[in-house]
Amino acid sequence: MSSTLFNLQLDHIAHLQRAYAPMLSEHGFDSLAIYSGHASVHFADDHTPPFQTYGHFMHWVGLADVQHSWLIIQPEKRPQLYLYAPADFWHLPTHLPEEPWVAAFDVHFCSDKITPPLIGNAAIIGDTDQLAASHQQTMQAERQPEQLVNSLNELRLFKTPYEIACIREANRLAIAGHQAAQAAFIGASGELDIQLAYLGASRQRESNVPYQNIIGLNQHAGVLHYQHYDLNAPKRRYSLLVDAGRRFRGYCADITRAYAGPDAPVAFGELVTAMHDLKDELVKGVAPGVSFIALHEQMHQQLAEILVAHGLFKGTADQAVAEGVTRLFCPHGLGHSLGLQVHDVAGLRHSDGTPAPAPEQHPALRLTRTLRPGMVVTIEPGLYFIAMLLDPLRNTSLPVNWRLVDQLSSCGGIRIEDNVAVTESGFDNLTP
Ligand code: GLY
Ligand code: MN
Ligand code: MN
């Protein structure tokens with residue numbers, strides 16, 4: 001590990017210890033037990049779906065695959081990690097990474113699934129509903145105290161320099177995958193082979209991705225969370241959209257790129273360029289004190305200008321926004337908080353924990369906060385040709401250029417997504 005990352009991680013752990021102590025006392029607790037969670041087997045089977053450690057557990061240990069384990073936090077005391085490590089010849093035994101947090105904790109290797117010792121007035125967080133009833137009954141503690149969880153979520157909204165370094169590294173690894181995906185597309189690969197190229201170049205197996213990679217060719221690029229990989233390449237190649245990430249020490253990258261293929265109308269390639277420019281403009285708008293809702297609205301205004309400039313809308317940009325046309329071309333939010341979870345916590349609450357819901361007109365927006373230094377957000381403007389959304393407009397007098405929409409519909413859509421840290425003076429784009 002580089003000495004920088006080593007020291008940054010030590011600072012990160014010290015930061016958590018400093019932050020947790022007053023939080024626990026403010027909410028009246030002497031200690032906190034955090035459960036890692038565990039994978040549940042498929043019904044009537046012995047196989048499990050991919051698992052991800054509970055975010056507040058990962059905040060300390062940075063491991064995305066710890067199961068059946070507990071972390072006990074007590075002010076002024078070393079964190080106690082009860083790590084499930086059974087004597088099991090079916091699996092490779094649990095082992096800890098060579099990272100400085102290990103020396104800062106007392107680590108107890110547990111051969112059984114234990115109930116941890118609780119200290120004083122304790123709180124428990126994590127998915128404890130999954131625990132056996134016998135374990136649940138022995139634990140006298142308040143479960144999921146909402147105010148405390150809100151405070152811990154708020155803490156996670158603001159990343160330490162260590163966390164930002166991890167997200168930057170996750171981005172570096174993910175971009176290698178994106179470059180391989182683009183090369184596979186140029187080489188006429190189908191969706192599955194583009195996915196395999198991505199996984200190989202970003203050095204990860206599919207069960208470790210932070211979210212299911214979206215690899216959509218042609219019309220599939222317009223399916224926002226497209227969830228399949230066609231085995232065969234299509235005959236004609238209009239477009240590719242790749243929304244794919246990587247974890248590093250638990251922290252996520254969430255990057256999207258879109259490409260025009262050899263069979264795309266010229267107008268589509270021009271729109272891809274315009275959407276890159278729009279993403280760059282919006283990234284430049286990231287700064288402390290900026291309302292993310294206002295930045296989202298700026299995306300709609302500038303998207304409207306693109307619709308007009310490229311002949312998709314024959315009215316004015318103001319009309320396209322006012323009539324809700326841009327919301328049908330881009331039905332998702334500008335972005336979200338990013339961290340240990342791809343859609344990270346606390347985006348829809350005020351700093352005191354009270355709800356800060358998405359505006360009625362923009363229900364899919366996942367971040368309504370004013371930007372502050374330490375936040376990491378995605379900036380991901382999109383432009384799609386989704387028949388289910390656009391078709392109802394055909395019965396109106398709105399001046400949409402349906403001939404051009406129909407020409408572009410085989411291209412599906414475009415999304416360009418970068419990961420951006422808010423700094424004291426502006427922004428730091430973590431996506432190379
Ligand atoms: N990859 C999911 C998203 O961009 O939010
Ligand atoms: Mn994404
Ligand atoms: Mn995203």
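The backbone N, Cα and C atoms fix where each Cβ goes, glycine too.
The Mn(2+) 1 site in TrEMBL is built from Asp254, Glu380, Glu417 plus one of His220, His300, His336, His350, namely His336. Together with Asp254, Glu417, TrEMBL lists one candidate of Asp243, Asp406, Asp428 for binding Mn(2+) 2, that being Asp243.
Recorded residues His336 (Mn(2+) 1 binding site) and Asp254 (Mn(2+) 2 binding site) have their alpha carbons 10 Å apart, per Cα-Cα distance. All protein chains considered, the CB of Glu417 (Mn(2+) 2 binding site) has 21 other CB atoms within 10 Å. Cα-Cα distance from Asp254 (Mn(2+) 2 binding site) to Glu380 (Mn(2+) 1 binding site): 10 Å (rounded to the nearest whole number). The residues near the Mn(2+) 2 site, meaning same-chain residues not in Asp243, Asp254, Glu417 whose C-beta sits within 8 angstroms of the mean position of the site's C-beta atoms, are Ile214, Ala244, Gly245, Ile255, Thr256, Thr378, Glu380, Arg415, in sequence order.
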